[in-house]
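Feature annotations, reproduced from Swiss-Prot:
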type	residues	note
TOPO_DOM	2-23	topological domain 'Cytoplasmic'
TRANSMEM	24-44	transmembrane segment
DISULFID	Cys54-Cys192	disulfide bond
TRANSMEM	77-97	transmembrane segment
TOPO_DOM	98-155	topological domain 'Cytoplasmic'
CROSSLNK	Lys144	SUMO cross-link
TRANSMEM	156-176	transmembrane segment
DISULFID	Cys187-Cys198	disulfide bond
TRANSMEM	208-228	transmembrane segment
TOPO_DOM	229-382	topological domain 'Cytoplasmic'
CROSSLNK	Lys237	SUMO cross-link
REGION	244-382	region 'Interaction with NOV'
MOD_RES	Tyr247	phosphotyrosine
MOD_RES	Ser255	phosphoserine
MOD_RES	Ser262	phosphoserine
MOD_RES	Thr275	phosphothreonine
MOD_RES	Ser314	phosphoserine
COMPBIAS	317-332	compositional bias 'Polar residues'
MOD_RES	Thr326	phosphothreonine
MOD_RES	Ser328	phosphoserine
MOD_RES	Ser330	phosphoserine
MOD_RES	Ser344	phosphoserine
COMPBIAS	362-374	compositional bias 'Low complexity'
MOD_RES	Ser368	phosphoserine
MOD_RES	Ser369	phosphoserine
MOD_RES	Ser373	phosphoserine
Amino acid sequence: MGDWSALGKLLDKVQAYSTAGGKVWLSVLFIFRILLLGTAVESAWGDEQSAFRCNTQQPGCENVCYDKSFPISHVRFWVLQIIFVSVPTLLYLAHVFYVMRKEEKLNKKEEELKVAQTDGVNVEMHLKQIEIKKFKYGIEEHGKVKMRGGLLRTYIISILFKSVFEVAFLLIQWYIYGFSLSAVYTCKRDPCPHQVDCFLSRPTEKTIFIIFMLVVSLVSLALNIIELFYVFFKGVKDRVKGKSDPYHATTGPLSPSKDCGSPKYAYFNGCSSPTAPLSPMSPPGYKLVTGDRNNSSCRNYNKQASEQNWANYSAEQNRMGQAGSTISNSHAQPFDFPDDNQNSKKLATGHELQPLAIVDQRPSSRASSRASSRPRPDDLEI
């Protein structure tokens, strides 16, 4: 037999990307098929045709009788069987190499984007797209490849083809020469002058090897079926768990929120620009419409911006209070604002709020003046 080292090295690489059932199947293939075929089986069938004798002296009769009894040698038949059942596994290995090549490209691109991010370039959306692609290809941290998506489908298809090839070769072997060998074969074929008897060398030993290879084929077929069910239920389980995965819900296009695009208010609420011009004061009873607090891009809060907002608001109310105007308390409500580190560094550290002096032009009555001079339990001590 030829050298099996090349095929063995390729199949050995599949071990790292197979399930437990796949690893057992590869072990059976290596030990009980390739190793046994290259050592014991080849020596048993080495003198196959030379030891095939017929009770005639007619030239060419033994050759035609041997060709009729054994259209293909058992050893070559098993070699073809090993090659065919290994091809789907090699195709799956090619898909794994393709995913690993994709991983190298994505990692290289991710490093370039991170370098650009240190220079102040906004690359968050591109980095998010790379993470989604890695999840799609089944790439995890530390170079580990997980069976997911197209890789999982390729693995299932490879198991199906291996099972089909196992069944097909078992049927072909049974159709050609069965699962046992006889000591005597009767042949009546030209150029034999009459019906002749041909004798096979070591039929019992060869029958034992045939039965052994049959059992190994059945074990491999059973492992393929078990692995197929295991991968199927594992895929269903991952699909159910995938609903809670952070990447599972990322199906829409990655685009920034449109709510934060237009600067409408001078205060730093959730959807306003810190550099927007001051808007005129609202009339009494008007409620300031702030941004959507549930927006994921407007959830973070900045302490310094909050203090600056209230300082601006206090200054405006003081000016309006000195002019004799009153402002409804409904205007004083908290604001939402984004967590912008660059803008927060430029803002002041905040000011203490001064109480608003509300001027009332009407003269106070005696009752009200007496009531106002009495201390009340809810009065504040200054």
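Even glycines carry a Cβ here, placed using N, Cα and C.
The local packing around Cys192 (disulfide bond), expressed as other Cβ atoms within 10 Å of its Cβ over all shown chains, amounts to 18. In this structure the alpha carbons, written CA, of Cys198 (disulfide bond) and Cys192 (disulfide bond) are 12 Å apart. A C-beta separation below 8 Å, combined with a sequence spacing of at least six in one chain, links Cys187 (disulfide bond) to Cys54, Cys61, Val64, Cys65, Lys68, Ser69, Gln195, Val196, Asp197, Cys198. Separation of the C-alpha atoms of Cys192 (disulfide bond) and Ser314 (phosphoserine): 120 Å, rounded to the nearest whole number. Neighbour counts were taken at the CB atom with a 10 A radius for the recorded positions Cys198, Lys237, Ser314; the maximum falls on Cys198. With respect to their backbone Cα atoms, Lys237 (SUMO cross-link) and Ser314 (phosphoserine) stand 58 Å from each other.
Remote same-chain residues near the transmembrane segment (156-176) are listed as 25, 71-72, 77, 80-81, 84-85, 87-89, 91-92, 214, 217-218, 220-221, 224-225, 227-228, 231-232, 235 (criterion: CB distance under 8 Å, separation of at least six residues from the stretch ends). In three-state terms derived from DSSP, Cys192 (disulfide bond) belongs to neither a helical nor a strand segment and is classed as coil. Mean pLDDT of the predicted structure over the topological domain 'Cytoplasmic' (2-23): 71.
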